[in-house]
Amino acid sequence: MGLVGAGRVGVVLTSALAAAGHPVAGVHARSDASWDRASAALGDVRRVADPTELRDGSVGLLLLAVSDTALPSVVAELAAAGRWDGVTAAHVAGTYGIGVLDPLTAQGAEPLAVHPAMTFTGAVDLETARLRGSRFAITGSPAGAAVGTRLVLDVGGVPVAVPEQARSLYHAAVVHACNHVVTLIAQAGEMLRAAGVDDPEVLRASSTAALDNALKAGIGALTGPVSRADTGTLHSHLAAIGAATPDALDSYLTLARATADLAAAAGRLDPAGHAAVLAALPGPDADQR
C-alpha cells in the first residue's frame with residue numbers, strides 16, 4: 001500500500017494495516033513534521049517526494065489521507081499522471097463518497113471511501129487499538145467496497161455500508177454526536193467552575209452512562225426535568241445559567257426544546273407536559289408552540 005498524507009488519521013490507519021500484514025511501499029508527506037510522525041510509527045519506510053511515484057506498480061492500495069479541502073486537487077494531480085490500473089484508490093474523508101475519486105476511476109482505479117467513525121489525536125498506539133470494534137463507513141464500487149470491507153475486518157473494525165448520496169448526512173450525524181458533545185462538556189465544565197466545583201470528573205459517570213444508554217435505547221434512555229415536565233427545575237436552571245454562564249444559555253434552551261420534542265414524539269411526554277415544558281423555555285417561536 002501507499003499512503004498520501006501522513007497526518008493523524010493516515011498514520012494510524014497505515015500502522016494498523018501494516019500490523020495486519022499489509023506492507024507499506026511508500027509514504028508521501030508534505031512536511032518534515034508529518035514525515036517524522038509517519039517514520040516513528042511505521043519504521044523504515046520509503047518516503048516519496050511526489051505522490052505520483054506510487055504509480056510504479058508497487059502498490060495495490062492507494063490511501064489518500066489528506067484534508068477534505070485538499071482531496072479534490074490531490075485526486076486531480078494523481079489522475080493527471082496516467083493510468084492506475086489494478087489499484088484501489090481509497091480516501092478517508094467522511095463527507096465525500098466516491099464521486100470525488102472520478103478522475104482516478106477514469107484512469108482505471110477502483111474507488112473506495114472508508115471513514116473511521118472515531119476521533120484521532122495523534123496517539124498512534126492508543127488509537128490503533130481503538131480501531132478494534134470501531135465502525136467504518138464504506139462506500140465504493142463493488143470491487144472497491146469488497147477491498148474496503150476486507151481491510152476494515154483486518155484491523156478489527158466493523159464495516160458499515162453507506163450509500164453515496166447519504167455520505168454528507170452520515171458525516172453530519174457523526175460530527176453532531178462527536179464534536180458537539182465536546183462543546184457540551186466544555187460548557188458544563190464552565191458551569192461547574194462557576195458553581196465552585198473545579199473537578200470535571202463530576203461529569204464522567206452520568207455522561208458516560210447517558211451515552212451508553214442512549215446508544216442502546218435512543219430517547220428511551222432520557223431522564224431529567226424535561227422527561228418529567230419539571231418546569232420548576234427548568235426555571236431554576238435558566239436563571240442560574242443566565243446569571244453565571246450566559247454564553248451557555250442558548251445551547252441549553254435549544255437542546256431542551258429538541259429533547260422535549262423528541263420525548264413527546266416517542267410518547268415519553270404527554271401533550272400537556274410537552275406544552276408546559278415548551279412554555280418554560282423562552283425562544284423566538286415560543287408563542288407559536
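Note that the numbers count up from 1, one per residue, in the order the chain is shown.
From the backbone N, Cα and C atoms, a Cβ is placed for every residue, glycine too.
Per TrEMBL, these features apply:
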type	residues	note
DOMAIN	2-116	domain 'Putative oxidoreductase/dehydrogenase Rossmann-like'
DOMAIN	136-259	domain 'DUF2520'
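The average pLDDT computed over the domain 'Putative oxidoreductase/dehydrogenase Rossmann-like' (2-116) stands at 96. Across the domain 'Putative oxidoreductase/dehydrogenase Rossmann-like' (2-116), the DSSP tally of helix, strand and coil residues reads 45 helix, 22 strand, 48 coil. Residue counts for the domain 'DUF2520' (136-259) under DSSP, helix first, then strand, then coil, are 98 helix, 9 strand, 17 coil.
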